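To start, the structure under review is shown below, and the notes come after it.
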Amino acid sequence: MEPSLATGGSETTRLVSARDRSSAGGGLRLKSLFTEPSEPLPEEPKLEGMAFHHCHKDPVPQSGLSPERVQARRQLYAACAVCFIFMAGEVVGGYLAHSLAIMTDAAHLLADIGSMLASLFSLWLSTRPATRTMTFGWHRSETLGALASVVSLWIVTGILLYLAFLRLLHSDYHIEAGAMLLTASIAVCANLLMAFVLHQTGAPHSHGSTGAEYAPLEEGHGYPMSLGNTSVRAAFVHVLGDLLQSFGVLAASILIYFKPQYKVADPISTFLFSICALGSTAPTLRDVLLVLMEGAPRSVEFEPVRDTLLSVPGVRATHDLHLWALTLTYHVASAHLAIDSTADPEAVLAEASSRLYSRFGFSSCTLQVEQYQPEMAQCLRCQEPSQA
């Protein structure tokens, strides 16, 4: 076998057999793999596949929303409308019933509306191309929207906690138990309706919980779920939490309706549900801060990515490895690969990129290939980051 490299990055290996040598009168008869497919060599699909996505996960960006995202947008529109109508009803009902527990439930619905609006906004912005000013596009608008939703919920919840504390100090307040019971019953029905609207039949199954409420990722290696799926699933998780809180408010209203002397259940339930509401925003706030601080994606660890790059044939060392999340569903990686002098830079680049895309689902990878130098082992700038 005599391999030869042709221009254009393709390999044209030809076979030479003893039988061909004798039949040709001492000369060589070259048999091309491209003209005689009866003796093919093993193909390397990974290297060939990289021609279609040389530096991106997707070969060609979509010009509009996919059918899945269109369906997700419809679900979010419907759920947002239902949520807004019943939130307004809870505000009115809570005011008429003088119930802080109802108002707390309405505040939680306000956070849900903000989360769904952020998801809808991100779905719309995902179709806008990057510009020379916004070179990464508008992806982080979703993160900013989630941050605004969390801040607004904290402000409203803080006000309600202050009012509940005043009610515990001074018991000169009256609860309209009938209006409170009616409003709480309607809130339960509203959350059941939103859960039905957002329920995804045949959604991909996943094990474990990501802790991200507005755009969770699948745990482990592999491609993140699409934005449409994650947005609807996050809203569905929100609604399930609201449903449990609405059942709690309903239980408190039933107690006050039949036992008016236990009206203290209203400020007490306000305290409990406010803590639950603030606690439910903790994963979202953590993910938002991680994205804004250019932190590594929670579903991707540093060591496996480094080891994957070092396992590529020809790679001696890697440095300047950076992993960050542009959003919770858009992961980016960049690294320098120090290779042997005998290694083919194009082959190393293609293989390393292919492994990063297939194993970790990065949306964009930037790899710089350079010759290995012994001085790299002592270079302070080439050392790995600390564990913290």
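Even glycines carry a Cβ here, placed using N, Cα and C.
Residues annotated as region 'Disordered' in Swiss-Prot: 1-41.
The feature topological domain 'Cytoplasmic' is assigned by Swiss-Prot to 1-75 (among others).
As annotated by Swiss-Prot, phosphoserine applies to Ser63 (among others), with the evidence given as similarity to another entry.
What Swiss-Prot lists as phosphoserine is Ser66 (among others), and the listing cites similarity to another entry.
Remote same-chain partners of the transmembrane segment (76-96), defined as residues 6 or more beyond its termini with a Cβ less than 8 Å from a stretch Cβ, comprise 102-103, 105-106, 109-110, 112-113, 116-117, 119-120, 123, 176, 179-180, 182-183, 186-187, 190, 193-194, 197-198, 231-232, 235, 239. The transmembrane segment feature in Swiss-Prot is assigned to 76-96 (among others); the stated evidence is sequence analysis.
Long-range neighbours of the topological domain 'Lumenal' (97-105) within the same chain, counting only residues 6 or more positions beyond its ends whose Cβ lies under 8 Å from a Cβ of the stretch, are 90-91, 157, 160, 163-164, 167, 173-180, 183-184, 187, 242, 245-246, 249, 252-253, 266-267, 269-270, 273-274, 277. Annotated topological domain 'Lumenal' per Swiss-Prot: 97-105 (among others), in sequence order, evidence recorded as a curator's inference.
Sequence-remote contacts of a segment are chain residues at least 6 beyond its ends whose Cβ falls under 8 Å from one of its Cβ atoms, and for the transmembrane segment (106-126) they are 65, 69, 72-73, 76-77, 79-80, 83-84, 86-87, 90-91, 94, 137-139, 141-142, 144-146, 148-150, 152-153, 156-157, 160, 213-215, 227-228, 231-232, 234-235, 238-239, 241-242, 245, 273, 277, 280-281, 284, 327. Residues annotated as transmembrane segment in Swiss-Prot, with sequence analysis given as evidence: 106-126 (among others).
The Zn(2+) binding site annotation in Swiss-Prot covers His108, Asp112, His238, Asp242 and rests on similarity to another entry. Counting only same-chain residues six or more apart in sequence, the Cβ atoms lying under 8 angstroms from the Cβ of Asp242 (Zn(2+) binding site) belong to Asp105, His108, Leu109, Asp112, Asn191, Met194.
Annotated topological domain 'Cytoplasmic' per Swiss-Prot: 127-145 (among others), in sequence order.
Annotated transmembrane segment per Swiss-Prot: 146-166 (among others), in sequence order, evidence recorded as sequence analysis. Outside the transmembrane segment (146-166), and at least 6 residues removed from its termini, the chain residues within Cβ reach (under 8 Å) are 100, 103-104, 107-108, 110-111, 114-115, 117-118, 214-215, 267, 270-271, 274, 277-278, 281, 284-285, 287-288, 292.
What Swiss-Prot records for 167-177 (among others) is topological domain 'Lumenal'. Residues in the topological domain 'Lumenal' (167-177) partition by DSSP class (helix H, G, I; strand E, B; coil) as 4 helix, 0 strand, 7 coil.
Swiss-Prot lists 178-198 (among others) with the feature transmembrane segment.
Swiss-Prot lists 199-235 (among others) with the feature topological domain 'Cytoplasmic', giving a curator's inference as the kind of evidence.
Counting only same-chain residues 6+ beyond the ends of the transmembrane segment (236-256), those with a CB under 8 A from a CB of the stretch are 79, 99, 101-102, 104-105, 108-109, 111-112, 115, 175, 177, 180-181, 183-185, 187-188, 190-192, 194-195, 198-200, 213, 216, 262-263, 265-266, 269, 272-273, 276-277, 280. The transmembrane segment annotation in Swiss-Prot covers 236-256 (among others).
Helix, strand and coil content of the topological domain 'Lumenal' (257-263), in residues and according to DSSP, is 5 helix, 0 strand, 2 coil. Annotated topological domain 'Lumenal' per Swiss-Prot: 257-263 (among others), in sequence order, evidence recorded as a curator's inference.
Sequence-distant contacts of the transmembrane segment (264-284), counting only residues of its own chain at least 6 positions beyond either end whose CB sits under 8 Å from a CB of the stretch, comprise 99-101, 103-105, 107-108, 111, 115, 146, 149-150, 153-154, 157, 160-161, 163-165, 167-168, 171, 175, 180, 211-214, 238, 241, 245, 248-249, 252, 255-256. Swiss-Prot lists 264-284 (among others) with the feature transmembrane segment.
Long-range contacts of the topological domain 'Lumenal' (167-177) within the same chain: residues 96-100, 253, 256-257, 260, 263-264, 266-268, each at least 6 residues beyond the stretch ends and with a Cβ under 8 Å from a Cβ of the stretch.
Long-range contacts of the topological domain 'Lumenal' (257-263) within its own chain (CB-CB distance under 8 A, at least 6 residues past either end) are made by residues 171, 173-175, 177-178, 180-181. Mean predicted confidence for the topological domain 'Cytoplasmic' (199-235): the pLDDT average there is 46.
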